[in-house]
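Undergrad: Please see the structure below; I have some questions.
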Ligand code: HEM
């Protein structure tokens, strides 16, 4: 997928995921309200750009406005309007919502969303979120089809995680009325919202096998039919007329009139909207704004900024490594002695007088506690700090997966078994299990507080570009000038050289 496309562009937005105590898995940072003027200063042409891409796409694909509004609906109902529907598979971390039954071979328009993102990135790089693109595209689509206008509220940040369970629970055409009502109530939408929003079935298509006729007119499965058979391309109130005549395409449309419970709930609203298009338009706009307000991620990603600020000059990548290799990534390396209960991992041979950065981690923790007390775990601090450290040193950036809780126990036996400078590749491989992982992880230019001429003298691990995260380390290996045995053996050990040498050469090249 192109670098400017929505899912790929999420890389620069580091979001704290699934933090303990956060509702809907969203970060509890000070959220600001959405605003229709959010991009007035930073991307004043955003609306026009989105509109022009949709208008162009519509020339060859008249159905695209309907498809785009449906994307916003399927985004907002799963984890809130956070653009998560656009994320592609990146297993095991991300399982795409695009593949659940309600979306697969059904949700469409993704390439147009990518085109919009590309156009926006050209005009105002890194500004407009993918979640906001979906909200804007929904409004513009309705307007282009003759429906109402409304002020789209903007300012959502993109999430970096999907929710397959929730995507599998999207409202379904075979859901009875009470289930549909509950699914809407769960996201703060009432019966009027349900009736108004289903009014979007005034345009767009449906696969015949989902219809109430179930392709009975001799059609092959997969044949597309108009959702509104009277005015299929116009956004109007004829959809409600169809329901009154018993001719809605989906059971989930018709039940709003026919279900025994409808008479006291949804049926009067169907009658109202069928009789008065203005009433429908007014309510549709209000309900779209309500739907767009489902758990948006707003405000700054404060935790990330705080960690970055504190570690500007400190490198703590080796702390994350020494944490994860003992008992898993659980923050246990940070625990101090607590009489007989906890014996600290800081004192084992490979850590004592060697691993640095604990005071920086303390500083980060204090800063975070001030901003959002008892939220960010120490384990997650180490993971965030590792990524930020690499990035600050010129290395790659990646999406840090968060939400780990801290353990309250250490494991001294395992800490004593951490890979040592004299380790053979096998020691690492037992844990990381992949040679390429071993070869690339050992390139981390973390400080080693031992070695050198007089004991305690510090030397650069990479003597060519010691402060930069680059691939010169592999040059050193190829020139047999690695500082540590455990680096050099990656290339020189006869048992593994045939596997690792080509990796070193390719990473170097
Ligand atoms: C009560 C909940 C809803 C159910 C059960 C439902 C179900 C469906 C189904 C089964 C289809 C046809 C999919 C296919 O054949 O591939 C469809 C299409 C569509 N839905 Fe819904 N829907 C619901 C609510 C909404 C809402 C809230 C909106 C927008 C605000 C919406 C907008 C659309 C549009 C525009 C299409 C046509 C898309 C296209 O042509 O690409 N639906 N819906």
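Including glycine, each Cβ sits where the backbone N, Cα and C put it.
Okay, so TrEMBL annotates it like this:
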type     : residues               : note
SIGNAL   : 1-25                   : signal peptide
DOMAIN   : 33-318                 : domain 'Plant heme peroxidase family profile'
DISULFID : 43-124                 : disulfide bond
SITE     : 70                     : site 'Transition state stabilizer'
ACT_SITE : 74                     : active site, proton acceptor
BINDING  : 75, 78, 80, 82, 84, 97 : Ca(2+) 1 binding site
DISULFID : 76-81                  : disulfide bond
BINDING  : 171                    : substrate binding site
BINDING  : 201                    : heme b binding site
BINDING  : 202, 228, 231, 236     : Ca(2+) 2 binding site
DISULFID : 208-215                : disulfide bond
DOMAIN   : 314-509                : domain 'Plant heme peroxidase family profile'
Undergrad: Note the Cβ centroid of 202, 228, 231, 236, the recorded Ca(2+) 2 site, then list each other residue of that chain whose Cβ lies within 8 Å of it, in sequence.
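TA: Residues close to the Ca(2+) 2 site, other than 202, 228, 231, 236: 203, 230, 232, 233, 234, 235, 237, 238, 239.
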Undergrad: Under 6 Å from ligand 1 by Cβ, which recorded positions from 43, 171, 231?
TA: 171
Undergrad: List the binding-site residues among 78, 82, 171, 228 whose C-alpha is within 10 Å of the C-alpha of residue 201 (heme b binding site), in sequence order, or say none.
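TA: Near residue 201 (heme b binding site), where near means Cα within 10 Å, the binding-site residues are 228.
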Undergrad: For residue 76 (disulfide bond), write down the residues of its own chain that are at least 6 apart in sequence and whose Cβ falls under 8 Å from its Cβ; none is a fine answer.
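TA: In sequence order, 187, 291, 292, 294 meet the Cβ cut-off.
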Undergrad: Just to verify a number: CA distance, residue 124 (disulfide bond) to residue 171 (substrate binding site), in angstrom, no decimals.
TA: 36
Undergrad: In sequence order, what residues of the same chain, 6+ apart, have a Cβ less than 8 Å from the Cβ of residue 84 (Ca(2+) 1 binding site)?
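TA: Listed in sequence order, they are 75, 78, 97, 158, 159, 161, 162, 163.
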Undergrad: If you take the centroid of the Cβ atoms of 75, 78, 80, 82, 84, 97, the listed Ca(2+) 1 site, which other residues of that chain have their Cβ within 8 Å of it?
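TA: Going along the sequence, the neighbours come out as 74, 76, 77, 79, 81, 83, 85, 131, 159, 162, 163, 166, 167.
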Undergrad: Fewest other CB within 10 angstroms, which one of the binding-site residues 202, 231?
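TA: If we count Cβ atoms within 10 Å for the binding-site residues 202, 231, the smallest count is at 231.
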Undergrad: If we check Cα distances from residue 228 (Ca(2+) 2 binding site), which of the recorded positions 43, 74, 82, 208 wins as closest?
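TA: Sorting the recorded positions by distance from residue 228 (Ca(2+) 2 binding site), the top entry is 208.
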Undergrad: If we count other C-beta atoms within 10 Å, could you say which of the binding-site residues 75, 82, 228, 236 has the fewest?
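TA: It is 236 that, of the binding-site residues 75, 82, 228, 236, has the fewest other Cβ atoms within 10 Å.
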Undergrad: Of the recorded positions listed here (74, 171, 202, 231, 236), which is spatially closest to residue 81 (disulfide bond) when Cα positions are compared?
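TA: Looking at Cα distances from residue 81 (disulfide bond), the smallest one goes to 74.
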Undergrad: Taking the Cβ of residue 70 (site 'Transition state stabilizer') as the centre, how many other Cβ atoms fall within a 10 Å radius?
TA: 21
Undergrad: Over all shown protein chains, what is the count of other CB atoms within 10 A of the CB belonging to residue 78 (Ca(2+) 1 binding site)?
TA: 27
